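J.: Attaching a single structure in structure tokens format; questions to follow.
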Amino acid sequence: MEVENQQPGSWEGYVSWRNRPALKGRHGGMVAASFVLVAEVLENLAYLANASNLVLYFSEYMHFSPSNSANSVTNFMGTAFLLALVGGFLSDAFFTTYFIYLTSALIEFLGLVILTVQAHSPSLKPPKCDPATPSIPCQKVHGAKAAMLFIGLYLVALGVGGIKGSLPAHGAEQFDEDSPKGRKQRSTFFNYFVFCLSCGALIAVTLVVWVEDNKGWQWGFGISTFAILLSIPIFLLGSTYYRNKIPNGSPLTTIVKVLLAALLNSFKSRGSNNAIASMATSPTPTPASEEEGGNIKSKTVEPIQETPSKSLQFLNRAVGDNSTAGALDCSVQQVEEVKVVIKILPIFACTIILNCCLAQLSTFSVQQAATMNTKLGSLKVPPASLPFFPVIFMMFLAPVYDHCIIPFARRATKTEMGISHLQRIGIGLVLSILAMAVAAVVEIKRKRVAMDTGLLDTTKPLPLTFFWIAFQYLFLGSADLFTLAGLLEFFFTEAPSSMRSLATSLSWASLAMGYYLSTVIVSIVNSATGNSDHKPWLSGSNLNHYHLDRFYWVMCVLSGLNFLHYLFWAMRYKYRSGRAPN
């Protein structure tokens, strides 16, 4: 990407949407980030409106079994979040976050159009089941109809992945990290990014879900299509205010190069004098503004180290007096960047189990609520609207956290952050343990009511209010608020500037791994518990015959073990910047 010569008063390494130097006082700041926040409201509305209720669409209209519906939803959501890594990689390597967002939004729009058309036309769906003739089995969607369903669904997943991989980083890039004010504003941005996620989710799980259940899924998909289409011009309105980071080339190339150089040099005999020299006289890092292969790189603002740090010393072999010159010639700066990436990976891994618990909000929890009394006075609440409870709580807690809790914590701890990223993540992990315990207790009560009223073998609503399910939603919603905002800011802040979009995408990749792991755990549980004498815990068409409470206890134990694993790594982690409390 070619830019004009840097001008005085311009942001180094950033350009405007016209590919000219981004100017201080004109580009970036909270005004620019506000367009990102509004776009995120509409984007999450479009995505979550369907994801939160999709399990019922699969079971009632596409005639999947409850467990197959749950797995199909978790696979879809997992794929969407995993593709955020692709969006983050492209944003760092070749394109700006600005371009990736616009492209991804158009892809998601196309997928939603396909789903809307299918939902509108009865000929594109399997025939309806007739409750009066239960002897005739329902016909599961197959053939061209199934192909249309999954093409539309996974185009949406591709678009969502690109947006999630680019939009948070694009908003965070608007702030000056070299000033305390800019860093505090960036922290506020991440808190309000989660707040805007919740705003979109609130509209999705109330208005859109009600429309889907009462007016038809074609209207629900239609609202989502309009929302993502509307987000594009709103995002474009902020074009004159954005500062866009110049792509730095493939971060994966740097990672692979350092790992290969360290590995190759470890096999070569090196004298002690040679080794000492390699630690003291490493090559001067190549300026990030240097032109490589015709692509101009942005100048880094990170301090240049002349000697490698003592951590992960195996990687230090990649620099110094090595004979792997040329393609594998590494600078100290590159080695230190790779070390940072490796150090944050254990934190990433420790959040996967939490997101596996969150996957239950879109699957079994919705199906639980569907068996209960969902009336609120004369209004019948759709089961998929249950996330209303954690969403409202998150919308309340996010500004309270930013404007009350954090200022108090800053005064108490005498630190810039008040509460560190890792502390926030830890709080979320503890809340996920409590959520699974509460979910197990509520399921025990639900099954007891079904047995006592003789409704185990029917599909009639149980005489038990769906508000009982709200407790597990509140705990999991709180866990999501603490963990997601903490992860986004942690990865963005700690990652090297050339890898920030990719690193931030790890937050969404953790969600993806959690959804995939949920599918794997369900399969493992069924395999382990099913034999000739007993049915698997989580199989069949009637949720009342599931042993869902035992599954939730398993998740509770796994979450507890995962928290101990997290403490091991979090207590040993050293922040890159001295600005963050340890």
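Yeah, the Cβs are placed from backbone N, Cα and C, and that goes for glycine too.
Heads up, here are the entries from TrEMBL:
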TRANSMEM  28-49  transmembrane segment
TRANSMEM  69-91  transmembrane segment
TRANSMEM  98-117  transmembrane segment
TRANSMEM  146-167  transmembrane segment
TRANSMEM  188-211  transmembrane segment
TRANSMEM  217-237  transmembrane segment
REGION    277-302  region 'Disordered'
TRANSMEM  344-364  transmembrane segment
TRANSMEM  384-404  transmembrane segment
TRANSMEM  425-444  transmembrane segment
TRANSMEM  464-488  transmembrane segment
TRANSMEM  508-530  transmembrane segment
TRANSMEM  550-569  transmembrane segment
J.: Cβ pairs under 8 Å with the transmembrane segment (28-49): which stretch of 69-91, 98-117, 344-364, 464-488, 508-530 has the most?
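T.: That would be 98-117.
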J.: Contact between the transmembrane segment (344-364) and the transmembrane segment (69-91) is defined here as three or more C-beta pairs under 8 Å separated by at least 6 residues; is that satisfied?
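T.: As far as Cβ distances go (cut-off 8 Å, pairs 6 or more apart), the transmembrane segment (69-91) and the transmembrane segment (344-364) touch.
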J.: For the transmembrane segment (344-364), which stretch among 146-167, 425-444, 464-488, 508-530 has the most Cβ pairs under 8 A?
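T.: Per the Cβ count, the answer is 508-530.
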